[in-house]
Structures are given as C-alpha cells and as structure tokens.
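Visitor: This structure is in structure tokens; I'll ask about it shortly.
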Amino acid sequence: MGEPAGPAADMGRKVVPVVKPAQRMVHDSLIPAADGAPEPDATSQGSGIKLRKELGLLDGVAIIVGVIIGAGIFVSPKGVLQNTGSIGVALIVWVLCGGLSLIGALCYAELGTMIPRSGGDYAYIGEAFGPLPAFLYLWVALFVIVPTGNAITALTFAQYILQPAWPTCEPPDEVIRLIAAIVTCVLTAINCYNVKWATRVQDLFTGTKLLALVVIILTGLYALGAGKTENFQQPFQNTITSPGYIALSFYSGLFSYAGWNYLNFVTEELKDPYRNLPRAICISLPMVTIIYVLANIAYFVVLTRDELLSSNAVAVLFGEKMLDVMSWTMPVFVACSTFGALNGAIFASSRLFFVGARQGHLPAAIALINVKRLTPVPSLVFLCIITLVLLVIKDVYVLINYVSFVESFFTLVSVSGLLYMRHSKPDLHRPIKVSIVLPLIFFVICTFLVTFPCYVSPVEVGVGIAIILAGIPVYFVFIYWKNKPDWLTKSSHAFNLMCARLFECVLEDQR
C-alpha cells in the first residue's frame, strides 16, 4: 500500500493525472498508460494519479447514516421482537445495539487513525495478523458480504418502487430483478463518473430517508399523545430468556445498524481523517440510535405485536393505518432509503477491493484508476458484475442467513487486532486512543454473539465457517505460490492490459 496520508496532506489540492508514455509495473505485469490519456494540467504538475481527498465531515456523516439506514428499519424490525418475545426487551435490545455499534465505531476510529489506509477491516487485520487472515476477510467480503447485501438492497428497492404499479399483488419476479439490475448499473456508472456526484446522491437520499423516519416518529408520538397506549400495558409479557435467542435478537438489531464501519473503507479519500473520522462517528451513531428507538416506539404504539410479527413491510402497514390517502408515500420512502444505502455501499465497498488488489490479493487490474475521472473504475465494474450475477440466482436471499455470523466473526478478529497491537506495536502513532475498557467490552460481546448462535443455528454457522475456510486453498494457489504456470501468468497479463486500455486506467501513483 502507499504511504499513509498525513492529517493535512493533499487537503484542498486538486489532483489531476500525470501520465507518462512509459509502461508501469503492476505486481508481475506491465500495464501501459491508456491511449489518448490527457496531458497533465499546468496547475498540478508533479501530482500523480491518486484518489482525491474530496470527502468532508458532512459527506462522512451521510455515508455512515446513509448506509446504516437501509430497508431494515422500514421493512422488518420484527426480527428483534421475534427473538425477544416482548416489546420491552425489544426496545432495550435496540438501545444496546446502538450502544454496541458506537463502542465498535470508536474502536474503529482508533484503528482508522492508527492505520489511515482505505480498506477497513482488511487493512487492520492485515496489519495485525498478516496476509492470510486479511485475504480470508477479502474472500468472504468479495463473494458473500458485499455483493449479497447489495443484491438484497437492489431487490428491495425494485419491490417498493414497483408496488404502486401493482397495488393488489406482487410485481413479477422478472421485472423486479430487471429494475434491481438497472439501478445497480446506474449507481455504478455515477460512482465511476465522479466522486462528487456519488456524494451528492448520498447526501440527497440520506436526507430523504431521515424525513421518512421523522414522519413515522411524529405520527407515532401523535397517536401516543392521543392516548393510544394499550400496546404498552404489559411490555415484558412473553419475554424469551434463552441466551441463544437473545444473541439472535442482537443479530437482527445489529443487521439494521450494519454499515457503521463503512467510512473506514474510504479513509484515504477523507479530508483530515484524524479529525473528521471520529467526529463523523460520534455524530452519526447517536443520531441513528435515537431515530431507531423512536421509530420502533412509533411502530409499537400503532401496531399490535401480532401485526408486527406477521408483516414483512412494517412501514407500509404503518402508513396504511395512519397516513390514509398519503399511505402511498411509504413505499416511495423505502425505495429512496434503499437507493441511498445501495449508493453508499457501492462507493465504500469498491475501495475495499481496490485496496485488496493493490496488495496483490486480487487481479492487478482492479487496482487501476481512471486517468480522467480519478475513480477506481475496474473495481466498481467488478463489484457490479458480481452483484448482477447474484441477482440472477433465485435463492440469493438464502445467503443473508450466513452474512451476520461471518461479519460478526471478522469484526471480532479486527477488535482482537486492536487489543493485540496495543501489546505488539505499542509505539505506533495513535492520534485517537480509546480506553482499553471499550475494546474489551466490544471483544466480550462479539465473542458472545459469535459463539452462542452455534447451538441455535448450527447449519448457518457451519456454512459460514465453510465459506471462510474455502478461501485458504485459494490463497495458497493464487497468492502464496510464486512459481505459477506460464499460461496463468500470461492470461493475467493479458487481462490486466485489456482492462487498462478498455477503462483508460493506470496504477495509482505511490509517491
């Protein structure tokens, strides 16, 4: 990886490409500059091709809030209620999930400022434990975590944007998948074209989803003020006390908070990361927690326990009961929410694969940057293709059963790395150093969340472990083994050259 950016390095400086006709080395392959590449701008002579530092504090908050608030809080908050059994415990779990996410985010603030490189967990696991564990995280992120989440989000967008056209029945499955594929391609194109466009889309749709939640909250509080309190008469009735089910309720809650670490994926593009990374975290997580708890209170005021458990679209049912002729706005709000979440996920996660390729853990072509737009076009296109493949698979929703365990496991590995580096690398510069109590609390809770579901959902856990272990032979064959067959080396070289010319890309300037 390149040298970490300093806290004020490159701030405010517009970086434009400087392309030389000479060939450039990418791992074991030579990649020439793209034909027709632009000449260097007179105002920026000497600057190399790098990802621009264009993300300010507001953009950071919009990425975190925009990715966290997807479809979950609108569609099915029933998962927490289903595994806790009672409204009272469900609300407690929502609060604790927000607190746990904040603790985790503060731990990641230390990691992100100590290791100011894009890639998030991948960079931190690699720094602490070496290349094999880092590759295994990249492996599951590449084929399970990221594209599955993106595919599910795109399908949810399509379902809700089409609902007004099919008010009395489900839209055709083929139409849903076609719309999901189109929106994935459109957002990928926006992210390829310009970082500013992508962040403006994120800011706009983050504001839209916050407006939707404010409407839900105010409507629920109005009903509560009007004396609708019957659902809170016995808030702890039917509580489930089994530790395994409590862990599963946390999985459901934390799934709705997922995304709090996405800003760490784009640290290199964040202005003044030592300051803006922790500030964005401390603004975003309390805001999301308060909004989530108030939204759930609004749901519990209006809807009975049985209505919540039987509905797969809680916000739509809420709108039908409370908004009357304006109930059509809820499907639109959910669609806007998922659109913004998908945009944020594409923007951030493409940087993960870009960094992985830069380290030699993915094909070198994915580490290239477009010389005109200064965006990681091959990485974005690669992610788009994998997502489109999953959209074709009928049973893509099955994969989501394994995502929570795998994500929790690697989050546990990352925070273990934080604790380990406190001992093994005490002299590393730490602009932010949280109390040791916070990572210890996070470590204990993550251990609980990883181990207790093993006896409640052994199949999902077993498949998750199998997916992780399947990456080990791939690592040794394609990464660790240096004496690769000539045909493999030549094929890789030809693929890299093709991508460089097709997308007008070269390697990032490491100076």
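Note that Cβ sites are derived from N, Cα and C of the backbone, with glycine treated the same way.
It should be emphasised that the depicted structure is a prediction, and the values quoted were computed from it without experimental measurement.
What TrEMBL records for this protein is below:
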TRANSMEM  55-75  transmembrane segment
TRANSMEM  87-111  transmembrane segment
TRANSMEM  132-155  transmembrane segment
TRANSMEM  175-195  transmembrane segment
TRANSMEM  207-225  transmembrane segment
TRANSMEM  245-265  transmembrane segment
TRANSMEM  277-302  transmembrane segment
TRANSMEM  332-354  transmembrane segment
TRANSMEM  374-393  transmembrane segment
TRANSMEM  399-420  transmembrane segment
TRANSMEM  432-455  transmembrane segment
TRANSMEM  461-481  transmembrane segment
Visitor: Using a cut-off of under 8 Å between C-beta atoms, tell me which stretch among 87-111, 132-155, 245-265, 332-354, 374-393 contacts the transmembrane segment (277-302) the most.
Guide: 87-111
Visitor: With the transmembrane segment (87-111) as the reference, which stretch in 207-225, 245-265, 332-354, 399-420, 432-455 has the largest tally of C-beta pairs below 8 Å?
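Guide: Looking only at 207-225, 245-265, 332-354, 399-420, 432-455, the most contacts with the transmembrane segment (87-111) come from 245-265.
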Visitor: Cβ under 8 Å to the transmembrane segment (175-195), counting only same-chain residues 6 or more beyond its ends: which ones?
Guide: 51-52, 54-55, 150-151, 154-155, 157-159, 161-162, 201, 269, 339, 342-343, 346-347, 350, 370, 373-375, 377, 380-381, 383-384, 387-388, 391-392
Visitor: Can you tell me which of 132-155, 207-225, 332-354, 374-393, 399-420 gets the most C-beta pairs within less than 8 Å of the transmembrane segment (245-265)?
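Guide: By Cβ pairs under 8 Å, 332-354 leads among 132-155, 207-225, 332-354, 374-393, 399-420.
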Visitor: Which sequence-distant residues neighbour the transmembrane segment (461-481)? Criterion: at least 6 residues beyond either end, Cβ under 8 Å.
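Guide: Answer is 131-132, 135-136, 139-140, 143-144, 360-361, 401-402, 405-406, 409, 453-454.
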Visitor: In terms of Cβ proximity under 8 Å, which residues at least six beyond the ends of the transmembrane segment (132-155) contact it?
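Guide: Hits for the transmembrane segment (132-155): 70-71, 121-123, 125-126, 176-177, 180-181, 183-184, 258, 338, 341-342, 345-346, 349, 352-353, 356, 359, 361-362, 383, 386-387, 389-391, 396-397, 399-400, 402-403, 406-407, 410, 413, 467-468, 470-472, 474-475, 479-480.
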Visitor: Same-chain Cβ contacts of the transmembrane segment (399-420) under 8 Å, 6 or more residues past its ends?
Guide: 104, 107-108, 110-111, 121, 124-125, 127-129, 133, 137, 140, 144-145, 148-149, 152, 251, 254-255, 258, 261, 390, 436, 439-440, 442-443, 446-447, 449-450, 453, 457, 460-461, 463-464, 467-468
